[in-house]
Each structure stands twice: as C-alpha cells, then as structure tokens.
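Undergrad: First the structure, then my questions, so here it is.
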Amino acid sequence: MLVSWDHPKMLPRLLGFLALSLLACGNPTIVSRKEWGASSLTCRVPLSLPVPYLIIEQVTRMQCQDQITCSQVVRVLQSQYVHNKGWCDIAFNFLVGDDGKVYEGVGWYVQGLHTQGYNNVSLGIAFFGSKIGSPSPAALSATEDLIFFAIQNGYLSPKYIQPFLLKEETCLVPQHSEIPKKACPNITPRSAWEARETHCPQMNLPAKFVIIIHTAGKSCNESADCLVRVRDTQSFHIDNQDFCDIAYHFLVGQDGEVYEGVGWNIEGSHTYGYNDIALGIAFMGNFVEKPPNEASLKAAQSLIQCAVAKGYLTSNYLLMGHSDVSNILSPGQALYNIIKTWPHFKH
C-alpha cells in the first residue's frame, strides 16, 4: 500500500532534517540487487539522466529492522509487482529500509513504474519497513545521503522538483518549483522498438474521436516482450496487410506503458472512415473474456487526457469501441464493458 506524507508523526521528524545541510551528507550504503536476491531485471526502457523530478513514497504494512529481513521484504515486493500487477520488475528505482540502508530497485539507468506520467523523468524512492508508520531517523538520513549522491553524480538535477508534498507544505528536502497540473504518460518512442521508416499521410488535428481497439494477439507483461510485439505488429501490417505503417497511433502493454505507433501526427489504418479524424489506441492482447490490468487502463486514460491537454484531441471528443464503427469483435467484450464507463463514451 502506498501512502503520501500525511502521517501526524512525520512532520516533526522531517522538520528536524530540514535543518541539515545536504553538503554534510555522506555516501549511502546501497544493498545491490544481487545482495537482496532479486530476480533478473527485465525492465529495459532507459532513463535519460539527469532526471528533473524526485518522487518519494512509502510502502506500509511490511516491517523490517535489519538487512536480512528487509531483503526478504524487497523480494516479496518484487514478486507482488511482477506476478500480481504484471509489471516487469519492482516499481521503484531505490527503496530505503527502516534499517537505514538503501536497496537497489531498478537502479539509476532504468525507468521505474512508480508514478504514471513521471516514470521517464524521475527517480522513484520508497520508504519501507517502519513499525510506527513513519521512517526512522536512520532511513531519513540514508535518503538524504542518496539524494545528495544522486545530484553529485549526475543522476538527479540540482534543480529537481519534488511533486509530492506534505499537507503542511514541507517535504524531506526543500522543493524548487511547482508541479505541473498535468503530465503525460511515458511514451516509448518508435526508435526504442526499432520501427521501420515509413512515409504516410498526415493526421487532421485535432482529432475528434478516440477508438479503443485490441490487437487480438498475445499480451505482454514485460517491456522487452512488448517492444518485440510492437515491432512484429508493424511488420505484419506492412508486409501482410499492405498498410503504410503500423495501424495504430499508440499501443498499450500490460506492463503499463504506452508505445508510440504512428504517433500523433500521422494517419492510422485502424478504422475505415475514421483514420484521419480519430486516434486509434490499441491494447496489446485479446480482451474478449478478461479485461486488461489496471496499469494499462490507467495508461490509456492518461494518454487520452494528455492528447486533450496538448491539443491533439478536441476537448469535446467522442470515445468509441472498435466494434461500434466496424463489424469486428475488437476491443473485446471485457474491455468494452470498461470503456463504456469512461468519459465521452458514445455507443
């Protein structure tokens, strides 16, 4: 369970640490993935450094006070994220135990899965193991050391923004500016899945419709598999369907990530009569009987909100299922039952 900084005992502790200078910090003790017994890292989407954001959260209900127990907790967390949520690894870049040690998550160079819209521009740090609901002085000190280390070594911008604040508007270390009101989800670019170069007609923007689709093939839960799935889809659409490019504007994996198809500015090939006026968003997989997971649904909704905010989609858009405008099973009944509850849906 993740919580924000609203615990009544947290403020006095944090205020004490605000008096400390980051210049006085030392190097953190980092327990490596090998040391805590991590399963193989399968998240491979790189993080562009230094990142401008720092996200700090807390994992509750799992206590530990020493490295052996805390390592076991981190292994359990990794297993939960991979097997229950279908993600490619543990959600955070680093975790800080109540024993005062830092545990390597996906590390410095790989995107985490902690905060939709910020995974590609932030370091995600999570406290865990506390008995009383707020981090121990040792954990707070270790986090301060970790932040200082990240800045000194070029992983975190010296002018970083910390979006999540205390209700009293105090945070672990001074924040530097306001959080933007809305942030777009991380979109894995065409270059990451090694897209073939194409030259297709331009989109008529802003789009007036959103059409939700499923690919009807296999789903993917890990970024490496999703990258292959998108690349294979493009090849099938070009070589077998004689399309100009991959049919969809964007694809969403069960890893909770959005993958760029033809993108915002190019016509899709997903729905006859709508390709130049509708954004086609495809969930990778078959969702006739079972719906997509929560992470992928949130990613798609965030993408739609982003499209409106960026001017790619009109604010009074209509959202439809693929089957509403084509004689086809897509997006599958299980997914259709969900999207018909979304804003702007029109049967």
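Glycine residues also receive a Cβ, built from the backbone N, Cα and C atoms like all the rest.
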Undergrad: Which is it, of 24-29, 66-71, 264-269, 270-275, that Swiss-Prot names as region 'Interaction with murein'?
TA: 270-275
Undergrad: Which of the listed residues, N120, N221, has Swiss-Prot annotated as N-linked glycosylation site?
TA: N120
Undergrad: Based on the record in Swiss-Prot, give the one of C200, C220, C226 in a disulfide bond with C244.
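TA: So the cysteine that Swiss-Prot bonds to C244 would be C200.
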Undergrad: Going by Cα-Cα distance, which of the recorded positions (C200, C220, C226, H237, Y248) sits nearest to C306 (disulfide bond)?
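TA: Result for C306 (disulfide bond): the nearest of the recorded positions is Y248.
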Undergrad: Please list, for the domain 'N-acetylmuramoyl-L-alanine amidase 1' (77-185), how many residues fall into helix, strand and coil according to DSSP.
TA: 24 helix, 22 strand, 63 coil
Undergrad: In sequence order, which same-chain residues at least six apart have a C-beta under 8 angstroms from C244 (disulfide bond)?
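TA: In sequence order, the residues whose Cβ lies under 8 Å from that of C244 (disulfide bond) (at least 6 apart) are T198, H199, C200, P201, I238, E267, S269.
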Undergrad: Report the same-chain neighbours of C226 (disulfide bond): residues 6+ apart in sequence with Cβ closer than 8 Å to its Cβ, ordered by sequence.
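TA: Spatial neighbours, sequence-distant, of C226 (disulfide bond): T188, C220, L251, G253, Q254, D255, E257, Y259, M284.
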